[in-house]
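Visitor: Okay, so Swiss-Prot annotates it like this:
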REGION    1-30  region 'Disordered'
DOMAIN    15-84  domain 'TGS'
REGION    279-585  region 'Catalytic'
BINDING   384, 435, 562  Zn(2+) binding site
């Protein structure tokens, strides 16, 4: 691998800068809260930190799993589990409380601002506001300053229960978005205002006299006071539709982040800076790989020559490995009649993700009357229904199973403009899509070998830090019987558990037709990405009446396994670009070698070396520009070219070249044949490290 794929320090929830304090009970050990006493008193009695420490307790979890404020007073003796700030739940609480502080600051500085929602999100929080003008960077600085004043004041978070919805409506009559939420029953996880057993507000109180300063409709929980926010930062602002619906008002969203310590915040901000440096959208332009022209539309990429080389290498290696593993390649069209997606269920369960239909094939008489009615065609959002038609195109025998079909199939999904994100969330993309048809008896072995194949192939591209996620049935959105789902889920769970990889449950996360295993990978920054999906489906074979002849001559239904290894070519391209910061392994790099002459007199010699490399299949160029050698080196270093070969008078005279690498190391005076051999071996061996003088082994050299 070219870079470590371990999480950044502290990403596991611990703070390596804070030494362990002896004598304190583990925050994970339950404690007793006596009836009539506060949770805070019980936490203090247990000797646990409640303020100032990176593992300070901010809330507790009751026996039902519900998070409770430290001010909570139970009616009976209860056992609770303290939740420290340096855990996912703890961070979520301080981030939500910080969002309240942000909203208070906005209404202090912009009194006409109307409040939207302000949930915690991964690594941060946001709050939506209806304001006359977009927020500027100067506004964010002023808001952050006001927030620090609020934090310093130590305002108390106080929970208040409404006696009725009517009481809440009266209080929030001047806040139209909050008023809408009073009656919300959507269950949307991002709506923190409602959804609990009671309709509540949280007031910010003056710590000295208890007077209400500000408040928000909210189900909680929250930290005790604003002083319990250790470290925060506002990061950016953007436009956002109210509740993500383009038909609603456009609001202004402010994003921020909050952490358990200044050190943890600093680490996170450093990671953000590094992530911005690695952003595939930025690198795609800088390295001339791909672009998103406005003339084509949002979420639709075009790959330039260099990007197409990387993509071709990705595809060709995958194609070869699939052929070796017994897959058969197929091709299907981009559009299909509507009936296919009625049969599959996509138009019933996935209509919001499909582009509008094209009405075609209608024929009219001269007088305008319809001679032949037309029909709707759809851009395909998935390849699976078409692959079932390949299976059913003729009779099948058990001897043909498992039948492994594979396609680089371009599909189209209607993603809202607000969620489109470069190559990783596009509207048109190519899935490396496989559908395997097997018997029930073959299912377990096929799943086990498939998971191993997926992990091995991803490892060949330099990704190695994996865990699995098991997505199970959404009770509100599924087809088929409970028994079929249980059988499919059990098969996937057994294979996942036998893999020895960490397994994370994802209840309700499956598609409507079957449960799935998702292979998650951590990149060089420790960020998690969903890669491959493996989905067991008993339902499509039933819906499409798929059959094979078994050994005893009876007709049986096959089991169908859906599998996308990269997820999509485009998404995998974007992830690899960020993982390697644009410095692709030499075997993937669009330009593998560039020759840099000291002067124009050395061009012809380097062109001979380039011809020798090209004859071995190495993508080689010679820089014949009029720029000075130093400028050429900088340019090709910035373009992430793995190998630079320099040549001057001495090299021409001795038949040698000098290696120059991206880390500024160099190997001088290497015989050209030895140089060619070293480069070819490095590429053929598919080394994923970026070459350096230390790593590249050559005969001779200085």
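For all residues, glycine too, the Cβ spot is worked out from N, Cα and C.
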Visitor: Which three-state DSSP class does residue 384 (Zn(2+) binding site) fall into?
Guide: helix
Visitor: According to DSSP, collapsed to three classes, what secondary structure does residue 562 (Zn(2+) binding site) have?
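Guide: In three-state terms, residue 562 (Zn(2+) binding site) counts as strand.
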Visitor: Using DSSP, how many residues in the domain 'TGS' (15-84) fall into helix, strand and coil?
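Guide: Computed counts for the domain 'TGS' (15-84) are 7 helix, 18 strand, 45 coil.
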Visitor: By Cβ count within 10 Å, point out the most packed of the binding-site residues listed: 435, 562.
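Guide: Result of the Cβ crowding comparison: 435.
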Visitor: Across the region 'Catalytic' (279-585), what is the average pLDDT of the model, as a whole number?
Guide: 92
Visitor: Centre the Cβ atoms of 384, 435, 562, go out 8 Å, and tell me which other residues of that chain have a Cβ in range of the Zn(2+) site.
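Guide: Near the Zn(2+) site, beyond 384, 435, 562, sit 382, 383, 387, 388, 433, 434, 535, 537, 540, 560, 561, 563.
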Visitor: Within 10 Å of the Cβ of residue 384 (Zn(2+) binding site), how many other Cβ atoms are there?
Guide: 23
